[in-house]
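See below for the structure under consideration.
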């Protein structure tokens with residue numbers, strides 16, 4: 001794979017800096033945006049006043065560190081491997097456990113598309129618990145916890161605010177189940193991050209091929225760019241060919257936690273025949289993916305046989321792929337879902353790798369009409385029951401939420417989720433606030449996502465402009481990620497995080513002082529801002545094409561301040 | 001001008017239909033979207049079940065009526081001219097009143113760019129009041145009132161719901177000042193529409209050139225397309241050359257009410273020298289524009305001399321062009337704003353043409369930092385005082401609002417506006433919920449606009465992706481309009497208008513039944529939806545490229561329903 005085609009440098013005037021840990025020998029990467037001076041004329045002389053750099057949360061990983069030579073064919077440095085080893089409670093296996101995984105490794109036909117440097121997997125030593133939740137409940141602060149505390153604190157530090165977000169606070173939140181740190185021991189390339197409503201709002205991006213499109217290189221490219229634009233986690237939802245190999249390439253090159261929906265691959269293994277799905281095939285798929293390094297699994301274990309009868313009440317039935325697969329299985333076999341009946345066994349497997357569970361909302365509404373209906377909330381109660389089961393195993397849990405919800409029904413979703421699911425973090429897809437704008441569902445849903453995140457949703461799953469129409473390409477990923485960065489940041493501001501406004505204030509000051517380059521560099525998408533600016537006639541004056549020289553309010557406003565001051 | 005380059009046909013499967021009035025010989029245009037049949041297989045046979053067409057609010061005017069031959073060079077049919085004449089209280093003037101207007105008409109140098117069919121203006125007969133508010137207060141229902149009642153009722157009719165929106169209700173709302181029908185007697189080409197919080201949420205688009213860009217044809221093109229995509233009103237904010245001529249072309253071809261900010265043109269008349277502005281120049285500009293047919297004027301009469309001192313408290317000073325111009329004028333002349341001191345005279349002029357006032361928020365915050373500050377709310381109180389003054393003249397009023405506001409401060413804006421301004425309709429620019437996304441401010445602001453509209457804002461002014469960076473082109477107008485159609489519709493749903501969900505439900509049913517063409521045709525932007533769909537591998541099957549055949553939840557869900565039904 002051509003690394004140079006995929007990776008890119010940091011944005012202009014930005015540099016990667018690292019803040020060292022105090023408890024552990026860790027260093028937390030962040031992006032430092034250097035600003036130009038404010039220039040004023042005083043007594044006929046130009047006076048330069050420096051502007052402090054702005055440090056921002058950085059999900060781009062080693063790709064933007066010029067000291068690290070990234071080679072997509074070898075994968076990223078294994079940042080957390082020594083942290084994990086130092087805890088002394090895991091062992092490296094002699095071989096991969098999954099039958100299917102071994103078969104793929106040994107199939108000569110896959111040689112040309114196989115990632116060549118797959119390491120042997122790690123697993124908890126017998127009798128050991130190794131999840132972040134387990135440690136937290138034991139009162140142990142891990143390197144991962146200190147890492148996220150530093151990362152989350154970044155903006156407060158710039159204001160000199162003593163934040164409550166300490167490693168101890170992180171430990172408390174994880175122990176209580178109010179936050180998770182998705183961190184499979186087999187994905188040590190990922191930089192730790194935390195998902196919880198007392199932390200910055202996070203966003204997930206979905207990538208993945210389908211039977212009709214997209215190859216491995218394109219998916220790796222989307223993954224790397226998703227991180228570059230600001231995606232906090234990403235899910236590989238591939239359903240086409242070579243799911244196993246695609247995932248391997250992505251995980252080895254992915255600096256953020258990565259999730260999947262294992263039932264998709266299980267279904268591919270039985271050639272799309274829902275009736276042929278078995279617990280054994282699913283179980284082997286879980287182990288296969290645990291050992292590859294997937295950090296969290298969407299598991300639609302709350303979709304029960306009894307729910308099938310309710311589908312007919314809806315305008316759009318079941319729109320969750322996992323939910324519809326499991327419902328069909330239940331109906332065909334007239335049996336309860338094996339995800340539900342084997343849930344304890346699932347937890348037993350996942351805890352050995354510290355894979356978190358994202359309890360899927362198989363009954364999420366797919367239309368405004370079906371919002372907040374009986375099916376949806378019945379399932380939510382089941383998810384609450386499963387949350388407690390997972391916690392009994394020290395398995396970390398987040399809860400997936402809708403979907404299509406009109407604005408006045410959003411709050412009920414948040415309220416019910418908090419009470420039904422005992423405070424576990426909520427992770428919603430949008431919600432889309434109307435059904436009538438295909439081609440613009442990044443916007444219909446950013447409106448809903450900003451609101452539900454403000455109300456307490458910990459992570460929002462992006463929707464791209466292609467939703468309902470086709471698979472996203474790289475440009476769609478970009479538009480989806482930025483729309484959701486906006487929604488997440490708007491929610492952080494509304495939640496009153498003290499440091500959240502640092503970047504807004506720096507941007508606004510740059511705007512008022514006509515420091516154009518600083519405006520681009522401080523923007524969520526510097527390339528786009530610059531591109532649009534250049535489409536107007538380019539110049540360096542104290543105005544832009546929007547208003548022209550005579551009508552620039554900010555220039556006039558500066559005149560006024562000068563007038564008032566010299567009066 | 002090349003008409004064929006500018007206009008376009010209706011969307012596929014759409015036709016223009018008219019609903020006749022009961023009180024007046026009027027007919028209200030709307031767009032009928034014809035849908036395909038639902039096809040099911042029953043006992044091995046294909047069974048067709050028709051789907052009722054969906055009628056949607058239509059702002060495209062005669063451009064989408066194949067029975068009307070539109071010629072941009074001649075202007076649109078003068079729909080309301082006979083309605084106005086029938087009331088017997090206006091007279092057509094022998095000549096245009098404005099000195100400047102006459103000079104432009106007589107300047108041979110302007111021959112090549114002048115619109116050739118400018119009619120002589122109308123004006124109230126001496127001693128007559130002719131505003132919609134005046135009629136309403138007299139208990140008179142006008143043709144315009146019946147027109148908007150039919151237009152607003154459209155969706156309810158489809159559900160067979162007896163709506164409270166009757167011509168009498170419209171009259172009540174206009175009489176109380178809670179709604180306005182912007183309807184200059186000199187813009188009879190415009191189809192009546194209503195702005196008020198008990199009606200559908202409306203959206204305004206801004207177009208206009210600046211000294212640095214854009215010609216007349218491009219502005220007319222943007223205006224026509226803005227209406228086509230769904231803009232309810234539009235403002236010509238031109239500040240460059242040929243403001244007078246550009247406006248004439250736009251008004252004569254504009255099927256929706258059109259607004260301006262007259263101080264912009266007044267400033268151009270004094271070559272951009274704020275200090276040279278006078279009440280007399282402004283007064284002649286008002287008359288010039290009243291007689292051209294501008295339906296509402298933004299007037300920053302709430303910006304007072306005393307406010308100048310507060311500018312220094314802000315991070316971004318004054319970001320309203322009109323506000324900064326007037327503040328600078330006050331400071332230079334050490335006098336109170338002539339817009340404030342001459343406000344009664346302004347009303348006396350406007351009432352003779354039924355031009356509405358949009359009280360400008362010269363002190364709107366231009367950054368998250370400045371949101372809800374002292375300057376902003378002090379001005380709002382002045383706007384409340386001016387509202388009562390205008391109402392004393394039977395002049396219709398709306399109140400402009402911010403700007404840049406974080407989500408948790410939005411509600412205070414709405415609450416204060418309602419109480420300070422006695423229930424006059426609120427008309428906000430966004431608000432933008434963060435400062436850090438130049439290039440995507442249609443999204444940062446659609447998030448805020450949806451929320452404030454839900455809370456009661458009657459009209460939202462779009463922001464395009466180019467905001468803060470340059471003047472919008474046609475594609476930017478499209479992205480701005482659709483983002484705001486989404487925000488407005490999301491608010492209509494959340495406000496619980498009974499008929500608002502008709503289109504969503506039709507879309508969702510089409511989605512569930514894989515009626516792809518209906519999905520495109522029901523979309524806010526059919527062209528965009530189709531374009532994105534085609535980017536995937538095109539096919540007509542019961543799935544799309546997003547999930548491929550095995551993973552289509554909706555297809556699986558239909559299987560389940562069939563299974564359950566045949567059990």
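The count begins at 1 with the first shown residue.
Even glycines carry a Cβ here, placed using N, Cα and C.
A TrEMBL annotation is a machine prediction, not a hand-curated record.
Residue A:320 (substrate binding site) carries neither a helix nor a strand DSSP state and counts as coil. Taking the Cβ of residue A:320 (substrate binding site) as reference, residues of its chain lying under 8 Å away and at least six apart in sequence are, in sequence order, A:300, A:360, A:361, A:362, A:363, A:364. Annotation source TrEMBL lists substrate binding site at A:206, A:235, A:264, A:300, A:320, A:321, A:322, A:361, A:362, A:363, A:364, A:400, A:427.
The Zn(2+) binding site annotation in TrEMBL covers A:404, A:468. Neighbour list (residue A:468 (Zn(2+) binding site), Cβ cut-off 8 Å, at least 6 residues apart, same chain): A:438, A:441. When secondary structure is read from DSSP and collapsed to three states, residue A:468 (Zn(2+) binding site) falls in the coil class.
Per TrEMBL, the feature [4Fe-4S] cluster binding site maps to A:544, A:547, A:552. In this structure, residue A:552 ([4Fe-4S] cluster binding site) belongs to neither helix nor strand by DSSP; it is coil.
The domain 'ThiC-associated' annotation in TrEMBL covers A:11-91.
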Of A:206, A:320, A:362, A:364, A:427, the binding-site residues near chain B (CB under 8 A) are A:320
Would you kindly give the Cα-Cα distance separating residue A:206 (substrate binding site) and residue A:552 ([4Fe-4S] cluster binding site), rounded to the nearest Å?
41
By Cα-Cα distance, the member of binding-site residues A:206, A:264, A:322, A:427 nearest residue A:404 (Zn(2+) binding site):
A:427
Provide the number of Cβ atoms within 10 Å of the Cβ of residue A:322 (substrate binding site), excluding the reference atom itself.
25
For residue A:362 (substrate binding site), the number of other Cβ atoms found within 10 Å of its own Cβ:
33
Can you tell me the mean pLDDT for the domain 'ThiC-associated' (A:11-91)?
95
Neighbour tally for residue A:404 (Zn(2+) binding site), based on other Cβ positions within 10 Å of its Cβ:
28
Just jot down the residues in the same chain as residue A:206 (substrate binding site), at least 6 apart in sequence, with C-beta under 8 A of its C-beta; none if empty.
A:234, A:235, A:237, A:461, A:462, A:472
Around the Cβ of residue A:264 (substrate binding site), how many other Cβ atoms lie within 10 Å? Please give the count over every shown protein chain.
25
